[in-house]
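One structure below.
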Amino acid sequence: MNIILEILLLLITIIYSYLESLVKFFIPQRRKSVAGEIVLITGAGHGIGRQTTYEFAKRQSILVLWDINKRGVEETAAECRKLGVTAHAYVVDCSNREEIYRSLNQVKKEVGDVTIVVNNAGTVYPADLLSTKDEEITKTFEVNILGHFWITKALLPSMMERNHGHIVTVASVCGHEGIPYLIPYCSSKFAAVGFHRGLTSELQALGKTGIKTSCLCPVFVNTGFTKNPSTRLWPVLETDEVVRSLIDGILTNKKMIFVPSYINIFLRLQKFLPERASAILNRMQNIQFEAVVGHKIKMK
């Protein structure tokens, strides 16, 4: 195609996309049904994973629940069964590739082909870099991003065969902005955002438009992962608020889900700020939580 025509098409697409977004802002979008879908949720024994499981249970999905905590995942499954849905609980270490593949083979035999996966399992070690142990850095990447690769690689073939599925990546605003004393966590979440964007582009290039992708990026969430979090500019979110946005995003096939939604505007504007101004803005946020600094626990 002639380069001038391509540029013209690009401009038309940009204008159309903005107009479409404006219309969607005022007109509620149609939500898809997830009834009967086989949904795998990792980290389902607590926090965002548990609440997300309950929302899928309310919508009559078939649930496959993973967590390293046996008691937590079985409690979640029991609550879902009270809602009249089928829930299968598995104890799985999402940092162990062989265990992931073995468990997925078991799920395929016992339940069927997973059609929606929520890669939610995560871990964090708040500390300055020099106080962070090597094995903690390794574990952070194994759980927060490498597990996404192994799970998605194993599930994609059946999704691609049917051109149907949904892959959800639970990341964080920390995947867009570096935070002191969370270097391994931020790095793993940057990787998770990149995984989502790359996978989205690859599926489009392959013509697999029936496989949807979503990426959740909340600010600090009160799940207990980081102790006593606080910020000056952003709220510390409760789990139910985050999950409402996540479920709404999944049901409307939204690609990037920021919570709160206006954080996206902040991140976009920050890219245009001079480095000094950006540093001042970061200080204004006054992000605090308990972290190990110099091998001592301090508020940072």
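Including glycine, each Cβ sits where the backbone N, Cα and C put it.
A quick note: this is a predicted structure, and the numbers were derived from the prediction, not measured.
For 1-19, the entry in Swiss-Prot reads signal peptide, with the evidence type sequence analysis.
Residues or ranges marked as phosphoserine by Swiss-Prot on the basis of similarity to another entry: SER33. Cβ-based neighbour count (10 Å, all protein chains) for SER33 (phosphoserine) stands at 10.
Residues annotated as NAD(+) binding site in Swiss-Prot: 40-67, LYS189. Other Cβ atoms within 10 Å of the Cβ of LYS189 (NAD(+) binding site) number 27 in total over all chains.
Under the heading substrate binding site, Swiss-Prot lists SER172, citing similarity to another entry as support. SER172 (substrate binding site) falls within neither a helix nor a strand when secondary structure is assigned with DSSP, and so counts as coil.
Over all protein chains present, the Cβ of TYR185 (active site, proton acceptor) has 26 other Cβ atoms lying within 10 Å. A helical conformation is recorded for TYR185 (active site, proton acceptor) in the three-state DSSP classification. The annotation active site, proton acceptor is assigned in Swiss-Prot to TYR185 on the grounds of similarity to another entry.
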Among SER33, SER172, TYR185, which are recorded as recorded positions, the nearest neighbour of ALA44 (NAD(+) binding site) by Cα: SER172
By Cα-Cα distance, the member of recorded positions SER33, SER172, TYR185 nearest ILE48 (NAD(+) binding site): SER172
Residue, out of the binding-site residues ALA44, VAL64, whose Cβ gathers the largest set of other Cβ atoms within 10 Å: ALA44
Listed recorded positions SER33, SER172, TYR185, filtered to Cα within 10 Å of GLN60 (NAD(+) binding site): SER33
Sparsest-packed of the listed binding-site residues (THR52, GLN60, SER172) - C-beta count within 10 angstroms: GLN60
Subset of recorded positions (SER33, LEU40, THR52, VAL64, LYS189) lying within 10 A of SER172 (substrate binding site), CA to CA, in sequence order: LYS189
